[in-house]
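S.K.: I am attaching a structure below and will ask some questions about it afterwards.
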Amino acid sequence: MRLLRVAAALGRGPFPRVPAVLGWQGKQADWKTRRWCSSGPVPNEKIRNIGISAHIDSGKTTLTERVLYYTGRIATMHEVKGKDGVGAVMDSMELERQRGITIQSAATYTMWKDININIIDTPGHVDFTIEVERALRVLDGAVLVLCAVGGVQCQTMTVSRQMKRYNVPFLTFINKLDRMGSNPSRALQQMRSKLNHNAAFVQIPIGLEGDFKGIIDLIEERAIYFDGDFGQIVRYDEIPAGLRAAAADHRQELIECVANSDEQLGELFLEEKIPSVSDLKRAIRRATLSRSFTPVFLGSALKNKGVQPLLDAVLEYLPNPSEVQNYAILNQNDSKEKTKILMNPQRDDSHPFVGLAFKLEAGRFGQLTYVRNYQGELKKGSTIYNTRTGKKVRVQRLVRMHADMMEDVEEVYAGDICALFGIDCASGDTFTNKDNSDLSMESIHVPEPVISIAMRPSNKNDLEKFSKGIGRFTREDPTFKVHFDPESKETIVSGMGELHLEIYAQRMEREYGCPCITGKPKVAFRETIVAPVPFDFTHKKQSGGAGQFGKVIGVLEPLPPEDYTKLEFSDETFGSNVPKQFVPAVEKGFLDACEKGPLSGHKLSGLRFVLQDGAHHMVDSNEISFIRAGEGALKQALANGTLCIIEPIMSVEVIAPNEFQGTVFAGINRRHGVITGQDGIEDYFTLYADVPLNNMFGYSTELRSCTEGKGEYTMEYCRYQPCSPSTQEELINKYLEATGQLPVKKGKAKN
């Protein structure tokens with residue numbers, strides 16, 4: 001009766017009778033006996049670890065809600081944005097239910113046709129990209145959700161790149177076929193042209209928009225309808241007469257696409273043999289696992305159509321943990337070379353435990369650490385070691401998560417995703433059960449923040465709550481960074497976008513009772529040089545007794561545009577003019593001096609400091625002497641060189657009705673955007689442009705007003721490039737006024 005207790009806790013009453021065709025046969029109490037930790041370890045073949053990723057508002061959370069309902073995990077379906085006063089199960093944070101967007105990756109597990117499925121529902125908003133990175137790093141397969149109207153959008157391309165980085169096989173689900181203007185064929189064409197995927201339909205729709213009735217399975221050659229109040233009764237029928245020719249054409253196209261990427265099916269195709277259903281399914285599985293083919297499924301999660309066949313496809317075509325190769329890196333102190341060790345996916349204790357902490361969360365249950373187990377067994381009460389810190393910790397409680405609810409388990413094995421309590425660690429740490437292990441899993445790619453704001457508590461008495469909240473948020477999210485500005489005496493928080501930082505300000509008030517005042521957003525401008533500059537600097541200080549002496553000679557070089565965010569140091573000295581023990585001190589001086597540029601006070605970046613020669617004194621030279629010499633050399637080079645200010649450029653995608661095309665183009669041009677492309681379907685157009693982030697503030701309000709609320713846009717960080725002369729002059733004058741080197745113009749409003 002565990003499930004009834006869970007349902008009661010959710011306030012949703014007992015479960016309805018779910019038909020056997022859904023794959024969850026038997027009585028309600030059967031769930032308890034078929035849980036994850038039933039009797040002994042579940043074999044790898046009966047496990048799938050999947051993520052659901054997509055562009056914002058493509059219907060990821062709605063799809064997950066339907067999956068949980070059809071698999072018997074929840075009793076009642078609820079909608080995103082809490083239209084029914086409840087909100088989706090996977091949106092457990094109050095802010096998520098209010099806004100109707102997913103902010104954190106919610107983890108859950110369920111069961112379909114005797115197969116255990118771990119599901120991570122990820123955010124679609126580009127400001128929360130780190131959550132998607134974390135999810136894909138630890139998953140074996142994924143479902144990429146596309147909107148049938150929007151097709152391949154800005155964040156879809158980002159997610160596709162992330163899947164490629166972590167080599168994640170995936171299926172595609174084109175959602176929202178019931179929406180006006182839905183065009184799955186266009187979405188498929190965009191997958192081929194924009195994402196370079198070898199993709200083909202595995203299903204085609206029976207009707208579109210308001211006439212969407214069901215789907216045709218091209219492999220089994222049959223029509224599928226979804227009857228009942230909630231689409232829970234799956235009914236199979238013959239293909240409608242009017243669609244038989246189209247189904248035959250699409251089936252032939254599917255076979256050709258798969259044959260191009262699978263050798264075995266390719267041979268059958270060349271021999272002009274007709275592949276059987278099982279031949280085709282096996283070929284699709286092989287091609288999907290090798291990422292050479294993407295099967296495309298169709299449906300409407302909101303209208304309860306197409307979800308059960310997608311679940312069948314997850315079992316049929318996505319890999320189990322034993323079919324994915326995961327490597328750990330052996331860090332050897334005496335060698336710069338890193339040895340890769342293949343993890344063993346056997347679900348027993350015959351190999352040492354290795355796990356990766358991929359997400360931290362502090363909620364009402366205390367500190368939670370999400371861990372993916374890559375090898376061996378982890379038991380409740382056992383001792384594990386953090387390979388980064390060398391500290392040992394005891395596993396006091398081991399749980400599986402279902403959104404913000406949890407279920408205690410005694411042990412987990414390779415391939416499982418679980419959560420631990422009371423573990424002190426950082427995101428990306430590796431755990432083993434051997435204290436001398438130097439293993440570490442490959443770290444998760446963390447993008448650099450692009451926007452900063454000043455944040456302080458409204459009430460000075462809330463400083464303790466404020467610091468506690470900031471500490472928790474920085475541990476949870478590596479893209480949320482905090483520093484104290486000694487000049488303005490303000491706490492500056494940095495993140496991936498306005499929404500990202502706004503969410504944290506609201507969480508501070510809701511979760512810690514600490515309302516915050518935020519300043520105007522500040523763009524992460526940087527300063528760099530445009531040409532190499534030589535330097536020859538001597539630092540001397542003599543004030544009685546031992547003095548200071550350090551001389552450095554070399555050149556300061558600009559880095560190529562793709563490395564504008566980096567700082568590099570190169571030691572090209574020969575002999576002992578600059579003793580090797582003082583070279584790190586020169587580097588430290590260079591890096592310290594890069595914290596503030598001479599033009600506008602922003603950080604310096606895109607520089608390479610090449611140390612070629614120098615001199616030292618037997619008595620007076622020490623570490624501090626060469627730190628000062630490194631600082632002085634940089635300042636000397638900057639004084640003699642030509643500097644410029646660089647700014648972040650965003651890739652912007654605007655979608656609006658055709659009647660507002662001229663207005664939208666004019667708005668982007670006014671913000672100094674460079675239009676890179678254009679697309680259109682029916683009454684809507686899509687505009688692609690590169691626009692400076694500094695010019696994008698307030699654009700959402702402008703777009704809403706000039707398109708009567710019908711336009712929408714997304715943007716993501718693209719690159720750094722030199723800003724316009726007018727922007728550079730404005731930033732320099734603002735800095736000179738702030739430092740008192742230039743009188744403030746009369747009548748100018750102070751910020």
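Quick reminder: no glycine exception, Cβ is built from N, Cα and C everywhere.
Annotated GTP binding site per Swiss-Prot: 54-61, 121-125, 175-178, in sequence order. The feature domain 'tr-type G' is assigned by Swiss-Prot to 45-322. Per Swiss-Prot, phosphoserine is recorded for Ser92, and the stated evidence type is similarity to another entry. If you look up Swiss-Prot, you'll see Lys176 marked as N6-acetyllysine, on the strength of similarity to another entry. Positions annotated as transit peptide by Swiss-Prot, on the basis of sequence analysis: 1-37.
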S.K.: Would you kindly give the Cα-Cα distance separating Lys176 (N6-acetyllysine) and Lys60 (GTP binding site), rounded to the nearest Å?
M.R.: 11
S.K.: Given a separation of at least six residues and a C-beta threshold under 8 Å, show me what packs close to Leu177 (GTP binding site) in the same chain.
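M.R.: For Leu177 (GTP binding site), the qualifying residues are Ala148, Pro184, Pro205, Leu208, Glu209, Phe212, Leu298, Gly299, Ser300, Lys305, Gly306.
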S.K.: Three-state secondary structure of Ala54 (GTP binding site) from DSSP?
M.R.: strand
S.K.: Can you tell me the CA-to-CA distance separating the residue listed as 'N6-acetyllysine' and Ala54 (GTP binding site), as a whole number of Å?
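M.R.: Computed Cα spacing between the residue listed as 'N6-acetyllysine' and Ala54 (GTP binding site) is 13 Å.
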S.K.: Give the number of CB atoms, excluding that of Lys60 (GTP binding site) itself, located within 10 Å of its CB.
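M.R.: If we count other Cβ atoms within 10 Å of Lys60 (GTP binding site), we arrive at 28.
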S.K.: Which secondary structure state does DSSP assign to Lys176 (N6-acetyllysine), in the simple three-class scheme?
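M.R.: For Lys176 (N6-acetyllysine) - judged by DSSP and reduced to three states - the answer is coil.
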S.K.: Can you work out the mean pLDDT of the predicted model over the domain 'tr-type G' (45-322)?
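M.R.: Mean pLDDT, the domain 'tr-type G' (45-322): 79.
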S.K.: Taking the Cβ of Ala54 (GTP binding site) as the centre, how many other Cβ atoms fall within a 10 Å radius?
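M.R.: Taking every protein chain into account, the count is 28.
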S.K.: Could you tell me which three-state DSSP class Lys60 (GTP binding site) falls into?
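M.R.: Lys60 (GTP binding site) sits in a helix per DSSP.
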S.K.: Just counting, how many other CB atoms are there within 10 A of the CB of Lys176 (N6-acetyllysine)?
M.R.: 26
